[in-house]
Amino acid sequence: MSYIAPISTKLPFAPTKFYPHPSQKLKDRELRILSSIDVQTKTLITNKLQATNNRTKKNTLPLSTSSSLISTLFARSQKLLHNAINVIEPPFHSSVDSGQVFSENFAPIVEELEPTDCQVIQGELPLTLNGAYIRNGPDLQNQPHHFLDFFFGDGMLHCLQLSNGRARYCSRFVKTYKHRLERDAGYPIVPSGSSLYRIVDIVRFLKAIVTGYFDFMKGFGVANTSLAFFANKLVALCEYDLPYVINMTENGDIETLGRWEVNGNPKLLASMTAHPKVDSGTKETFAFRWSLIFPHLTFFRFDKNGVKQKEIPIFSIKQPSFFHDFAITKRFAIFHETQLVFAPMKVMMGRGTLLDYKPNKTPRIGVIRRYALNDSEMKWFEIPGFNTIHILNAYENGDDEIVLVASNIVSLENIFDDAVNIELEKVTINMKTKKISRNILSPRNLECGSINPRYVGKKNRFAYLGVNNQAGMKMSGVVKIDMKVGCEVGRRFYEPGCFGGEPLFVPRDSEDILSDEDDGYLMTYVHNEQTNESKFLVMDAKSPELDIVAMVRLPRRVPYGLHGLFLRKDQIPS
């Protein structure tokens with residue numbers, strides 16, 4: 001058994017070659033340039049004045065007049081330089097400042113790690129947990145430009161193989177076309193959505209396309225958001241490319257097999273959501289894609305063999321709104337249009353990410369039959385003030401009612417800040433009378449939850465969510481919600497300075513359809529920012545305190561990331 005001791009440091013995270021110290025921020029580029037020419041500019045102006053006085057052979061100006069003239073000329077030169085710099089490299093928003101976005105335990109680890117045995121330091125890993133827990137998230141392989149949104153980092157999979165009470169960890173980049181191209185080049189080639197306004201980035205990217213170095217048809221995605229298992233394939237996903245097929249070896253290593261060229265009528269050529277929904281009964285998979293050009297949303301499905309079926313363009317969406325997640329029920333697919341829209345001009349002006357908050361827009365929920373022939377069957381229901389990124393579940397209550405449970409981001413304008421306010425809410429829509437009722441299940445900031453996968457699209461009782469009091473995917477604990485009672489019935493908060501990610505529910509026995517809904521485990525990675533250690537936690541989902549069943553010390557720091565899944569041993573593709 002091998003174990004790599006944690007780095008001894010007082011820093012809250014291990015320094016990397018990108019960020020040698022956590023307090024180091026990217027310096028203001030204008031101040032850097034101005035400070036470097038400050039003395040030269042003043043000297044140049046002074047010498048110019050002296051030369052002029054000598055040529056005219058007049059008495060020099062009084063000292064006060066000369067100083068005033070120098071100050072005026074210097075101020076004007078600063079203003080001209082300021083304007084020139086803003087044209088070449090506009091000022092950037094903190095949400096895309098890579099020195100801030102990829103800091104603390106969001107900082108990249110850069111290097112991959114081959115399968116390494118881990119130490120169980122508390123409890124015992126259940127012998128029934130034979131398989132692999134894999135979590136996706138953004139990382140970096142090259143020194144980034146100053147401008148990089150968190151969601152544009154290269155996908156890295158953190159995999160923990162569980163077998164007969166033992167654990168083995170490895171981390172591997174998803175070898176996307178973009179990743180391989182930039183790995184060979186040694187520098188970023190494809191600009192992120194937040195750096196499209198840098199002339200240098202645009203010119204470099206256009207040059208790569210014109211010279212044939214970059215083939216646009218091979219995609220530019222990073223496969224960093226989530227993982228899904230359907231049609232007997234494990235795929236890594238992001239929202240603006242095709243899925244990448246992943247394989248896991250017997251010793252717990254991760255391999256990227258390549259981009260999945262999905263067959264169907266028509267073929268999947270562009271992209272798909274990072275949150276497809278699998279019907280556990282029919283084995284069908286439902287998905288969608290969004291687009292900056294019209295139509296902005298397209299709904300489709302795969303049969304149980306992974307063959308894509310007919311596409312349904314949704315023409316009733318008139319602007320490129322942000323669709324990240326959706327839901328299915330027995331008969332319907334449910335889409336939520338929020339007050340977030342895509343704003344390319346905002347990026348080009350250097351004002352932050354691609355997303356923009358529109359306070360005058362009214363959120364709405366769209367309901368369409370799963371097997372609709374066209375979008376004329378889509379019905380929209382306006383729900384003021386209801387904005388969600390992730391939908392927990394949806395189900396039908398009788399013939400006329402649809403129930404949807406999701407985390408409502410009340411303060412959507414603060415979505416990228418620590419001040420975000422979230423409420424877990426249940427929305428009931430009567431399709432016949434169009435009456436809408438809303439109930440708050442928890443006022444606590446809860447996000448990125450999971451349920452028993454057997455209940456996707458069906459009425460369920462229990463849900464597990466992360467306590468999100470920080471910006472990003474940084475959870476201080478886990479809460480269990482009883483949606484029948486409408487309150488918290490279980491909770492576990494991590495130790496001070498410790499933060500985890502999305503809590504994933506895994507049934508104790510996935511084959512026992514008669515088992516209780518909450519009979520299973522919760523699992524997540526947790527990082528201690530004081531000791532710089534990362535651990536893997538398994539919790540008892542039934543217990544009120546969400547008791548720790550097992551704790552595994554990981555061989556190195558695992559950065560905060562996004563979504564994951566658990567594959568049973570018999571599901572793992574080989």
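Including glycine, each Cβ sits where the backbone N, Cα and C put it.
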Of the candidates H179, H275, H527, the one that TrEMBL places in the Fe cation site of H324, H390, H563: H275
Residue among the binding-site residues H275, H390 whose Cβ has the most other Cβ atoms within 10 Å: H275
Other same-chain residues whose Cβ falls within 8 Å of the Cβ centroid of H275, H324, H390, H563, the recorded Fe cation site, in sequence order: T225, S226, T273, A274, D325, I389, I391, C448
H563 (Fe cation binding site), number of other Cβ atoms within 10 Å: 23
